[in-house]
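Chemist: Features from Swiss-Prot:
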type     : residues                                : note
BINDING  : F23, S61, F62, E63, A85, V86, I87, F118 : 5-amino-6-(D-ribitylamino)uracil binding site
BINDING  : E90, T91, R132                          : (2S)-2-hydroxy-3-oxobutyl phosphate binding site
ACT_SITE : H93                                     : active site, proton donor
Amino acid sequence: MAIFEGSFTNASTLKVGIVIARFNDLITNKILSGCLDCLKRHGLDTSELSNQVDIVWVPGSFELPIAAKTLMKKKSYDVVIALGAVIRGETSHYDVVISEASKGISQVSNENNIPIIFGVLTTDTMQQALERAGIKNNLGWNYALQAIEMGSLIKNLN
């Protein structure tokens, strides 16, 4: 029986794309910082001159799937991380954005056979988002770990 798992020891060989929503940038900037910190600590070059990590900013989480799709067609990535923050308001807009963003990201990932980490915070309040972006825990770090694991796993399977 063969058992396959992702590895955290060869992360420095990965090529990572990050698509990030500018909407709620107080939150998304913090998530991005946590994500980049994790990637750097695992051996990836996150400097501005890096050839390992590319960052694409989009207006909001709804636009993440098309940016990820375009990015993946342009260059070869081992994994893409989609970052955003959608906070529930008084209308149904929240439900539409989350539904379409999650479906779109999943579809793009499956069509391209490249993992996309769903790093879109979905919270009811700004306080909850702040807690997940650094006050108590920075989920950006977790999203980067998932990216390292999945990027490594897919490389091993191929």
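Backbone N, Cα and C atoms are what each Cβ position is placed from, and that goes for glycine too.
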Chemist: Within 10 Å of each Cβ, count the other Cβ atoms and name the one among the binding-site residues E63, E90 with the highest count.
Modeler: E63
Chemist: Which secondary structure state does DSSP assign to T91 ((2S)-2-hydroxy-3-oxobutyl phosphate binding site), in the simple three-class scheme?
Modeler: coil
Chemist: Give me the count of other Cβ atoms within 10 A of the Cβ belonging to F118 (5-amino-6-(D-ribitylamino)uracil binding site).
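Modeler: Other Cβ atoms within 10 Å of F118 (5-amino-6-(D-ribitylamino)uracil binding site): 18.
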Chemist: In angstrom units, rounded to an integer, how far apart are the Cα atoms of R132 ((2S)-2-hydroxy-3-oxobutyl phosphate binding site) and A85 (5-amino-6-(D-ribitylamino)uracil binding site)?
Modeler: 10
Chemist: For F118 (5-amino-6-(D-ribitylamino)uracil binding site), just give me the three-state DSSP call.
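Modeler: The residue in question, F118 (5-amino-6-(D-ribitylamino)uracil binding site), is strand (DSSP, three-state).
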Chemist: List every residue in the same chain as V86 (5-amino-6-(D-ribitylamino)uracil binding site), at least 6 positions away in sequence, whose Cβ is under 8 Å from its Cβ.
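Modeler: Listed in sequence order, they are N24, S61, Y94, V97, I98, A101, V120, L121, T122, T123.
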Chemist: Of S61, T91, the binding-site residues given in the record, which has the fewest other CB atoms within 10 A of its CB?
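Modeler: Comparing Cβ neighbours within 10 Å for the binding-site residues S61, T91, T91 has the fewest.
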